[in-house]
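For reference, the structure discussed in these notes is given below.
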Amino acid sequence: MRHASLAALAAALLAGCATVPAPQDGATAPTFTAAPLPADVTSDLPRIARPLNYAIQVVPDAENLTFSGASTATIEVYEATRSITMHAKGLDITSAVLVAPNGLREEMAVSYDGELDTVTFTADSRFAPGTYQLQTQYAGTIGTQAAGLFALDYPDKRTGEEVRALFTQFEAPDARRFAPLFDEPSYKATFDLSAIVPADLMAVGNMPIAGEEDLGNGTKRVTFRTTPIMSSYLLFFALGDFERNSAMADTGTEVGIVAPAGSGEQTQYALDGLKPLMPWFTDYFGIAYPLPKLDNVTAPGQSQFFGAMENWGSILTFERILLNDPANTSPATRQSIFSVQAHETAHQWFGDIVTMAWWDDLWLNEAFASWLETKVTNDLHPEWYGDLGRVNVREAAMNADDDATSHPVIQDISTVAETAQAFDTITYSKGEALIGMFEDYAGADVWQRGLQAYFQRHQYGNTQSPDLWRAIAEAGASDLPAIADDFTLQPGVPLVLADGPCVNGQTQLQLVQSQFSRDRKAETEAEPAHWLVPLSIANGSSDPVDMVLDNRMEHSLPGCSAPLVVNSGQLGYYRTLYSPRLSQRIADGFSGLAPIDQLGLMRDGFALAVGDYQAWDRPLALLEQVPPDANPIVAQFAVQQWASIYSAVSEDNAAERSRIAEIATEKWRPRLDALGYDAKAGEPVVDANLRNALIGAFDTMGDEGVQAEARRRFAMLEDDPRALDGSMKNLWLGIAGNNLTTSEWALLSELAVKSTSTTERATYYTLLGAPEDEALARQALNFALTGEAGTTSAAIIRQVAAQHPELAYDFVMQHQDEVRELVDPSGWQGYIAGLTYGSRDPAQLERLEEYRADIPDDEAVSLDRAINAFRVRLETDPRVEAAIIDWLGRREG
């Protein structure tokens with residue numbers, strides 16, 4: 001492990017403690033008028049002060065996982081008071097001095113509130129309103145999970161030697177672990193960051209470096225330029241043996257990929273993807289990116305909570321979804337490299353330039369970044385069929401939104417624990433799906449004009465959802481706010497009941513709005529929630545008719561035979577239950593429908609069948625109609641759906657499982673034969689993804705040829721560790737991993753130790769938890785606590801849970817203290833919940849309920865969802881299995 005000498009670090013620490021940083025010239029002037037926090041914005045802090053600027057100096061001791069810091073916070077105080085309260089967590093504040101406007105200095109008493117993560121600085125007597133400087137010195141710890149300032153150990157790509165890098169992760173809310181701050185999104189300020197670090201390492205911040213000073217003891221002081229006014233959770237610092245690959249975007253912004261030294265050409269794909277994003281977003285928003293540079297900083301390892309973070313000017317992304325390693329990166333991962341960068345770059349506007357006022361409007365950050373990620377990806381890479389991907393996003397949202405544990409997109413957030421659990425499928429995927437529907441309803445031009453006006457009006461400020469609706473309405477969609485309120489202020493999935501008798505050669509379409517629910521079907525049928533539902537109805541090849549459903553309506557359409565699709569284009573956030581006659585029209589004309597409607601109708605149909613709203617015959621009839629040469633995205637869904645149907649039938653019904661596999665194989669084996677078992681140079685990404693999906697589905701259905709091929713390829717690793725290198729490596733490893741022998745398990749462990757690729761090493765270590773063999777699963781669980789696998793250890797346990805959920809859960813319960821050290825603090829309860837998703841054992845449900853009983857409600861959201869999903873599985877799975885077997889019997893009869 002390379003590091004500065006202990007003597008040099010000790011000298012740097014002393015120097016840091018003795019230095020009180022000062023704001024850079026002009027840094028205290030905000031770009032909007034500072035005022036007390038409005039009463040309608042939630043806060044843990046008194047509303048008597050607001051920060052203008054922080055000048056922070058950090059001195060990290062990476063070897064000993066500690067740091068010292070000094071901060072000068074320039075604060076506007078609005079009323080006479082004796083105290084100033086800020087956030088701090090895990091900091092030992094050794095000195096606090098208040099400097100008055102006239103220059104007088106006063107030592108402040110320091111007191112902490114551990115429950116609220118706050119620190120209060122108290123003077124001997126009241127001081128008047130005005131602009132003050134609060135100077136503090138403090139010490140803190142460097143963690144090993146992504147919260148606050150944290151360390152990641154990884155093998156040097158050039159030498160294999162173990163090295164350490166430091167990064168920050170402050171959302172949400174962990175900036176308070178780094179310095180005393182007003183650590184809430186509405187308390188925006190400018191930041192002057194400096195650091196005393198080993199001279200041979202690279203320091204990275206939000207802004208370019210303003211200057212470096214050689215301190216003559218093996219260390220240097222790095223000073224970054226002043227940031228724009230921004231929220232504290234967007235502050236960033238990294239330190240390590242890095243290299244930077246950069247280019248100039250057409251907008252004049254320098255973009256770069258910062259990665260561990262030795263990454264070389266692996267950064268180029270990400271850099272090439274980042275460059276065109278800058279002009280696209282600048283054009284779309286009508287506002288230029290205001291910082292001089294945008295870096296994407298690579299973090300080795302992984303988090304159980306997040307994959308990337310939108311720090312302004314310095315995105316943080318874990319290596320697996322940023323570096324393009326020809327030996328390990330699949331085509332799907334290369335797509336993720338682009339789309340994740342698109343998401344985080346969108347945040348540089350939606351979230352960074354304009355920020356939600358409080359975490360209850362988190363969707364204004366995350367849903368919009370997700371929607372823009374899809375939009376720009378579809379624009380710049382139409383060959384990836386991103387529009388069809390929207391259907392899968394909608395389904396993920398509805399699967400989380402159709403039971404009693406769902407919550408509104410705009411949700412009540414009161415505590416830190418609730419904030420951490422707000423980063424969920426409802427916020428991201430439902431929010432994204434709703435935005436797509438809102439844009440379609442308003443019209444793309446009106447929607448864009450509204451967003452541009454919103455940004456012009458609120459840049460560098462904070463907003464709430466009504467601010468957005470006001471801008472869209474003023475742009476021309478005056479009735480959208482009422483629709484938006486219906487969908488964002490209440491949970492649930494609308495259900496549109498559709499019938500269409502034929503009268504005099506015309507379809508008399510009859511529509512009724514109800515509600516879809518997996519766990520409260522009778523209740524929601526009797527008393528459904530109400531929505532104003534935008535519809536786009538297509539009758540055959542005619543242009544869609546747009547209308548808004550308010551409870552019920554009738555509409556006449558020409559003809560009585562063409563397929564009638566109520567959610568044409570699949571942008572609506574609702575399910576549609578068709579009458580038998582309309583279902584038959586869809587089935588008869590299914591092959592002529594657009595791929596996006598084929599996909600949406602099947603996904604809708606299977607959800608309705610699982611929910612017991614309609615017979616399984618309907619979606620299965622559509623599934624059997626998907627031709628072998630279907631659009632690759634539709635084909636991928638179809639073959640994976642066959643694998644899901646196979647898995648829904650228990651091993652006790654082996655004959656039925658075998659017959660399902662035969663049906664799927666007969667339909668889809670020719671497509672796999674045409675694609676082959678190996679990647680082809682220059683082939684479309686969607687074909688490569690389809691190949692992997694076909695192979696994976698056939699493996700699920702017990703295909704002996706696929707499994708034998710996986711074993712053959714795995715055996716090659718014993719003689720040549722690079723034998724499987726390429727875009728399909730992880731696929732074949734994953735298939736072989738389920739049936740590892742003891743010697744093969746040991747080989748994987750040996751390959752992990754020898755690898756200098758963090759991503760490859762993580763793959764090998766994680767697959768140690770894949771075997772079906774229970775003895776090897778126990779061995780993997782024990783191995784996860786040895787520390788050898790580093791940040792991958794928690795993933796090993798999750799991998800075991802895929803095959804042995806009860807075993808993994810019991811192990812974690814017995815070793816909670818050790819496993820907690822492997823998981824991001826904010827993600828712990830979600831991690832526990834995730835261990836149980838593969839279980840169908842009622843006794844496991846009881847154990848989970850017993851665990852939940854001792855957890856505070858504001859920390860238990862993930863657990864409550866897992867418990868409810870568990871109950872739904874136990875009720876639904878036997879019914880689904882019986883229905884599939886019944887369908888199969890009638891089909892064969």
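Cβ atoms are placed via backbone N, Cα and C, with glycine included.
As written in TrEMBL, here are the features:
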type: SIGNAL; residues: 1-22; note: signal peptide
type: DOMAIN; residues: 51-234; note: domain 'Aminopeptidase N-like N-terminal'
type: DOMAIN; residues: 269-486; note: domain 'Peptidase M1 membrane alanine aminopeptidase'
type: BINDING; residues: His343, His347, Glu366; note: Zn(2+) binding site
type: ACT_SITE; residues: Glu344; note: active site, proton acceptor
type: SITE; residues: Tyr428; note: site 'Transition state stabilizer'
type: DOMAIN; residues: 565-866; note: domain 'ERAP1-like C-terminal'
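Locations of recorded TrEMBL features on the structure.
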residue	record	Cβ contacts under 8 Å, 6 or more apart
His343	Zn(2+) binding site	Ala308, Ala369, Ser370, Leu372, Glu373
Glu344	active site, proton acceptor	Asn296, Ala308, Met309, Glu310, Ile315, Thr317, Ala369
His347	Zn(2+) binding site	Glu310, Asn365, Ala369
Glu366	Zn(2+) binding site	Gly351, Phe423, Thr427, Tyr428, Gly431
Cβ-based neighbourhood (8 Å from the centroid) of the Zn(2+) site, residues His343, His347, Glu366 excluded:
Glu310, Glu344, Ala346, Phe350, Gly351, Asn365, Phe368, Ala369, Ser370, Leu372, Glu373
Mean pLDDT, the domain 'Aminopeptidase N-like N-terminal' (51-234)?
97
Hey, what's the Cβ neighbour count for Tyr428 (site 'Transition state stabilizer') at 10 Å?
24
